[in-house]
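Feature annotations, courtesy of TrEMBL:
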- 1-18: signal peptide (SIGNAL)
- Cys21-Cys273: disulfide bond (DISULFID)
- 155-159, Asp200, Asn248, Gln297, 386-387, 401-403, Leu411, Trp433: cyanocob(III)alamin binding site (BINDING)
- Cys168-Cys211: disulfide bond (DISULFID)
- 358-430: domain 'Transcobalamin-like C-terminal' (DOMAIN)
Amino acid sequence: MGHLGALLFLLGSLGALADICEIPEVDSKLVERLGQRLLPWMDWLSLEYLNPSIYVGLRLSSLQAGAREAFYLHILKLNYQQSVLGLAVNDDNDDNSNSKAKPSMGQLALYLLALRANCEFVGGRKGDKLVSQLKRFLEDEKRAIGSSHKGHPHTSYYQYGLGILALCVHQKRLHDSVVGKLLYAVEHDQHLHRGRLSVDTAAMAGLAFTCLEHSNLNRNQGHRITLAIRTVQEKILKAQTPEGHFGNVYSTPLALQLLMNSFMPGRKLGPACLKARAALLASMQDGAFKNVLIISQLLPVLNGKSYVDLISPDCEAPRVLLQPAVETPSQTRELISVMLKVPSVLPPYRHPISVPAGSSLEDVLKKAQELTGFTYGTQNSLSGPYLTSVMGREVGEREFWQLLQVPDTPLLEGIADYIPKDGETIELRLVSW
């Protein structure tokens with residue numbers, strides 16, 4: 001009976017492991033190389049380039065940047081508190097002259113996550129201003145969506161969910177009507193993007209709801225919140241590709257953050273998560289992760305953490321000190337030719353552009369501007385620069401410049417991260433959403 005009992009216990013344990021999403025440890029050298037990619041960004045200290053997600057990602061990871069990390073938080077505090085206090089004054093005076101210094105809803109939400117990652121709760125006059133401003137952003141988005149739910153947020157449901165999550169980890173309750181808009185979006189598939197499931201948007205909504213459930217906030221909506229979490233989990237699992245990614249390689253980290261906080265009776269999460277882990281490992285070995293926002297979402301996953309852990313963060317956990325990567329001497333690179341195509345303007349633009357191998361798409365655009373009279377404008381965001389105009393054509397409301405590999409393959413990376421290949425044709429297409 002003793003042997004039989006041990007066997008039954010082992011089988012039960014294996015069954016339990018299949019029910020939960022766990023990511024086995026990854027080679028520490030691979031993780032360290034990811035973290036090293038964040039270090040140069042910590043030297044960009046103007047509000048335009050400050051990225052609170054870097055701090056959050058490091059604090060939830062197995063890595064640390066030492067005094068550099070503490071200084072980065074100090075600069076974050078100086079810039080965000082000053083900009084939000086200035087924003088409140090401008091609102092009172094109805095003066096928009098300082099609009100360039102205003103953080104977006106997503107930036108402000110990530111800053112609140114950064115404070116919580118340092119085991120701080122917002123408080124005092126400055127903290128109250130931050131919370132009030134984020135609540136105002138959400139109220140504005142709620143009004144834009146409308147009572148009939150036929151409108152759209154000015155930003156996105158991703159930022160809407162991020163805002164709710166940020167206030168939740170600080171134990172700040174939102175009105176049921178604000179949470180209700182995100183619930184309705186999940187219940188009626190309004191977290192779709194151009195007819196397809198946006199996995200990272202759905203995952204962010206799921207993280208927000210998981211935080212609300214754990215914190216017992218918005219109790220009147222508890223049943224709807226629980227059902228919405230299950231709905232998002234199911235949709236993300238169905239979005240797993242044959243390779244193992246949830247949606248695509250860059251939406252997988254946030255999806256895993258949600259699934260690691262999940263228990264789904266009757267659903268085996270273990271095999272899906274192990275498959276995703278294998279796909280991520282292959283992508284890491286191929287150097288696929290260059291974007292700081294995505295790296296900041298991936299590092300916690302590799303440490304078994306998620307944004308939900310910011311409800312009660314462990315600020316004493318040991319972390320390995322990152323050392324800057326050793327730079328190798330630059331070598332002369334061969335030239336490649338990339339065809340740049342813009343059919344959305346008159347006359348249509350089409351020119352071959354020569355750049356050194358390994359150049360980014362942004363480098364191609366700069367060279368085209370230098371040589372052919374090509375013009376474009378960009379705006380910085382937490383995930384990197386994005387196009388706001390091409391050949392004088394500005395984006396309108398609910399429009400964006402889509403990047404495609406001809407004939408019709410959307411690029412998964414932005415202009416700063418995508419590395420074109422020799423002979424490739426890249427199209428910039430103005431599309432509505």
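In case you wondered, yes, glycine gets a Cβ from its N, Cα and C as well.
Heads up, TrEMBL stuff is auto-annotated, nobody curated it.
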Composition by DSSP (helix, strand, coil) of residues within the domain 'Transcobalamin-like C-terminal' (358-430): 12 helix, 26 strand, 35 coil
Cβ packing number for Cys211 (disulfide bond), 10 Å threshold: 25
Same-chain residues at least 6 apart in sequence whose Cβ lies under 8 Å from Thr155 (cyanocob(III)alamin binding site): Ser104, Met105, Gly106, Glu141
Residues that sit under 8 angstroms from Asn248 (cyanocob(III)alamin binding site) by C-beta distance, when 6+ apart in the chain: Val199, Thr241, Leu412
Fewest other C-beta atoms within 10 angstroms, as judged across Tyr157, Tyr386, Trp401, Trp433, which are the binding-site residues: Trp433
Reported mean pLDDT - the domain 'Transcobalamin-like C-terminal' (358-430): 94
Nonlocal neighbours by CB distance (under 8 Å) for Leu403 (cyanocob(III)alamin binding site), same chain, sequence gap 6 or more: Leu361, Pro410, Leu411, Gly414, Ile415, Tyr418, Ile426, Glu427, Leu428
All-chain count of other Cβ atoms within 10 Å of Cys21 (disulfide bond): 26
Other C-beta atoms that fall within 10 angstroms of the C-beta of Gln159 (cyanocob(III)alamin binding site): 24
